[in-house]
Amino acid sequence: MIGCLIGEVFALEAPTVLLNVNGVGYEIDTPLSTFCQLQKGQKVTLWTHLVVREDAQQLYGFSDAQEKTIFRTLLKVNGVGPKMALGILSTLNVELLVHTIEHDDVNTLVKVPGVGKKTAERLMIELRDRFKTLAQGTSSAAALPQIQFVSNSPVAEAEAALQSLGYKPLEAQKAVAAVKADYTESADIIRAALKSMMK
């Protein structure tokens, strides 16, 4: 099992990070809360979870051990796979997710792409007790550092990131169009678009 990887960020394409670890490039899918903290050339430690399926192996990476623990906890819920768990962590930061579960806020959870009412209710029931211990000491991911994107425009990067979370192309375009005039960086556009879609 690969518990964490320490290396240099070689490339970024939301939500995937290519991490150079001693000459070996690892493709790691990350929640946007982690992705938005990374810059090309930066040396980082990513806490990882490896998912092995019959047809593929996929690494998921997180900026801290707590986010990894929550990802693994989400995977234990019936009907929640890695893509949905990543979408939940990308849409709601750790603090907001714990608050949402504690307060039975189904309406917030159903705004996550792919999470319907039944899944949201199941998440509430199965995670309530597990998240009580996480309620203390969670930190908000609201103030994330800027990110440098290599290839596309900030608008295109933001739209691609939202689509990778499961939003339809038209939804992503509308959300980005509504906020793009106020921001120049992709990470800021992504955060603002997600916030507007959660209203």
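Every residue gets a Cβ built from N, Cα and C, even glycine.
These numbers come from a predicted model, not from an experiment.
The region 'Domain I' annotation in Swiss-Prot covers 1-63 and rests on sequence analysis. Among the features that Swiss-Prot reports, region 'Domain II' is placed at 64-142. Sequence annotations record features per position, and here Swiss-Prot assigns region 'Flexible linker' to 143-150 based on sequence analysis. For 150-199, the entry in Swiss-Prot reads region 'Domain III'.
Each residue in the region 'Flexible linker' (143-150) has a pLDDT score, and their mean in this model is 36. Taken through DSSP, the region 'Domain I' (1-63) splits into 4 helix, 38 strand, 21 coil.
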